[in-house]
Amino acid sequence: MEGLTIHTSSKDYPVYVGTGVIEELGSFLKEKFPSLTNLLIITDENVGERYLSILVSVLSDFKPLSYTVPNGEFAKTFEIYQQCLTFALEKKLDRKSMILAFGGGAVGDLSGFVAATYMRGIPFIQIPTTILAHDSAVGGKVAINHPLGKNMIGAFYQPEAVFYDLDFLHSLPIHERRSGFAEVVKEALISDLNFYQWLEEHISNLEQLTEEQFSYMLEKGIAIKGSFVSKDEKESGVRAFLNLGHTLGHAIEGEAGYGKITHGEAVMIGMVFALELSCELLGLTFNLSKFKNWVKKLGYEIAIPTHLDHQRLIYRMKQDKKSVGGHVQFVLLNQIGEPVLKEIDDQYLLESLKMYRGEVE
Ligand SMILES: NC(=O)c1ccc[n+]([C@@H]2O[C@H](COP(=O)([O-])OP(=O)(O)OC[C@H]3O[C@@H](n4cnc5c(N)ncnc54)[C@H](O)[C@@H]3O)[C@@H](O)[C@H]2O)c1
Ligand SMILES: O=C(O)C(=O)C[C@@H](O)[C@H](O)[C@H](O)COP(=O)(O)O
Ligand SMILES: [Zn+2]
């Protein structure tokens, strides 16, 4: 089976993308992990109800165990993390056991963190089921949330492989399609003007994506993500550019309450804000009105939710992982495909938030 390879300083691993790739998982495991003792599938309620029986039947030779966690961000908590570990201990998983993360980014982040920390690390495989997870399943950022900040408790821990079966994507509701597509737009904006222009020209309705559009976008997105991760696995440099839109996006998610707004929809609001700052501070030449009209037509809200307070958002942004000494750092764009990290002082940030919300002339 043909796949892309992700190269990192700690490990190289394949990403298989396409319809039906899940059928190959059993033979992959037999070939690469001949001494497997236990397989534990971690999934969530939505995915479990729809697809767990398919995965279990593909893996029937392995008699996999499964553990179901709550949907979405409700899975990325200390409580659920502990429950997964307790289940793994009770079922006597050992160092030759493996975890399969079967679901969207929330399941992937949680399960990866369980795998990274159980007995100081056992292997895991990502089996993503959302558009968004083309991003989250690759690169080894695994984490749970803390009430004070998104993904604050985690690790860099690469999977053994990613099996991305596009057949699972058909049941995604529209707001989840939007959430995932935001990360594709992000990947284009930080690295590839032609890809961005292709997206803007070809994608006008997220409910009517063709198979070809799906695979083109996702493979391209994965390749971009992989290239940043390969250069900088642990985010001491260029990997931070994958955070475009996330400084404000994560603050909105945390302030609204995890799960109230999808990750990608919050990131889209953050990206529009970062593009505004890029035009103002770096002279980015970009038709921002056209961009806003395009994403609004795709159904995105681009305004910061009105009930969220500026000062609280700034407080959260200061805790962002890119902050240094409490100074907020934004990913901005000099040009499309030319990201930079820029410190923004609190007063300027406050004024910009007010301006953006139309509170000052
Ligand atoms: N680790 C990373 O590099 C990285 C990158 C991007 C995002 N993330 C994280 O990923 C999370 C968001 O990912 P997501 O949107 O994939 O998350 P998710 O796991 O929360 O899934 C979104 C919703 O879709 C449902 N769902 C999943 N697959 C489905 C399917 N095939 N059909 C119908 N419903 C389905 C889920 O049950 C959930 O309700 C956030 O926590 C974000 O912080 C991590
Ligand atoms: O892989 C990365 O690096 C990213 O920044 C990808 C983001 O889309 C993703 O949301 C990631 O989880 C954010 O990481 P964080 O370090 O800001 O929590
Ligand atoms: Zn993200």
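A Cβ is built for glycine as well, from the same backbone N, Cα and C atoms used for every other residue.
Per TrEMBL, the Zn(2+) site holds E183, H263; the candidate it also names there, chosen from H202, H246, is H246.
Only H246, in sequence order, out of the binding-site residues G105, V107, H246 have a CB under 6 Å from ligand 2. In the three-state DSSP scheme, V107 (NAD(+) binding site) is classed as helix. Here the domain '3-dehydroquinate synthase C-terminal' (180-323) returns a mean pLDDT of 97 for the predicted model. Once the Cα atoms of G105, A106, V107, G108, D109, T129, T130, K141, K150, the listed binders of NAD(+), are compared pairwise, the greatest separation found is 21 Å.
The two recorded residues, D109 (NAD(+) binding site) and E183 (Zn(2+) binding site), have Cα atoms 16 Å apart. According to DSSP, the domain '3-dehydroquinate synthase N-terminal' (67-176) comprises 46 helix, 33 strand, 31 coil.
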